[in-house]
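What Swiss-Prot lists as active site, acyl-thioester intermediate is Cys163. Per Swiss-Prot, substrate binding site is recorded for Arg65, Gly66, Gly67, Asp68, Val69, Thr70, Tyr71, His72, Ser132, Ile133, Gly134, Gly145, Phe146, Ala147, and the stated evidence type is sequence analysis. As annotated by Swiss-Prot, domain 'BPL/LPL catalytic' applies to 27-202, with the evidence given as sequence analysis. Among the features that Swiss-Prot reports, site 'Lowers pKa of active site Cys' is placed at Lys129.
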Amino acid sequence: MICKDVGVIGYAEALRIQEQLVAKVQQGGEEALLLLEHLPVYTIGAGGSRDNVLDPELEPVRVNRGGDVTYHGPGQLVCYPILDLSRRGRDLHRYLRFLERFLVELCAGLGVACHTVPGRTGVWTGNGKLASIGVGVRRWVSMHGFALNVSPDTAPFSRINPCGMPDCRITSLSLELGEELFVDDLKETVAIRFQPFLHLHLPR
């Protein structure tokens, strides 16, 4: 698996890189893991509702992933796995549960206890949502992925119903631990842990 850290990047550029990697995997190339932070952007999934955009001046980017409207910005660790799911069971539900499990165990290793909520994709603590997940597939190659709140400004989330949930509070690793963390501090940990976790829980 290729691991690429592309730093802080605009959404359109990140999408372009994903599409290039997806095409390579479709042609039998190596799977990839993109690690990044986005410049501030609101996105909305293919089935998302405009009703969840509370600020009428907002124009979220419509993208080919599941889920509703969300915010991405500095302080979020965004991870886009580009995986050949045709060789991993062709089960999108199982893949979503795999990502949740990875996040729960990753955060536990950092000292933050979190959990999933039945019927709601993502990861929570008792204080709010810690990570959001939205994926898409093209000919059974995955794109998009998860966004883990490390130390983002949470104010932009007030302009939307995050993930389509009016009651959704937002938390972060920094808020949970009471100390400031940085995305760059976690990239290596995610890169090291993701591949063996993938082979264990979602083998080819």
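Backbone N, Cα and C define each Cβ position, glycine as well.
Where Swiss-Prot records a feature, it is marked here on the structure.
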| residue | record | DSSP (3 states) |
| --- | --- | --- |
| Arg65 | substrate binding site | coil |
| Tyr71 | substrate binding site | strand |
| Lys129 | site 'Lowers pKa of active site Cys' | strand |
| Gly134 | substrate binding site | strand |
| Phe146 | substrate binding site | strand |
| Cys163 | active site, acyl-thioester intermediate | helix |
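Rounded to a whole number, the C-alpha distance linking Arg65 (substrate binding site) with Cys163 (active site, acyl-thioester intermediate) is 12 angstrom. Mean predicted confidence for the domain 'BPL/LPL catalytic' (27-202): the pLDDT average there is 95. Cys163 (active site, acyl-thioester intermediate) has Val69 as its nearest neighbour among the recorded positions Val69, Tyr71, Lys129, Ser132, Gly134, going by CA to CA distance. Other Cβ atoms within 10 Å of the Cβ of Tyr71 (substrate binding site) number 25 in total over all chains. Other Cβ atoms within 10 Å of the Cβ of Arg65 (substrate binding site), summed over all protein chains shown, number 21. Cβ neighbour density within 10 Å is lowest for Cys163 among the recorded positions Val69, Cys163. For the substrate site, whose binding residues are given in the record as Arg65, Gly66, Gly67, Asp68, Val69, Thr70, Tyr71, His72, Ser132, Ile133, Gly134, Gly145, Phe146, Ala147, the maximum C-alpha distance rounds to 15 Å. Summarising the environment of Phe146 (substrate binding site), the number of other Cβ atoms within 10 Å of its Cβ, over all protein chains shown, is 24. Cα spacing between Gly67 (substrate binding site) and Lys129 (site 'Lowers pKa of active site Cys'): 14 Å, rounded to the nearest whole number. Same-chain residues at least 6 positions away in sequence with a Cβ under 8 Å from that of Lys129 (site 'Lowers pKa of active site Cys') are, in sequence order, Gly122, Val123, Asn149, Pro162, Cys163, Cys168, Arg169, Ile170, Thr171.
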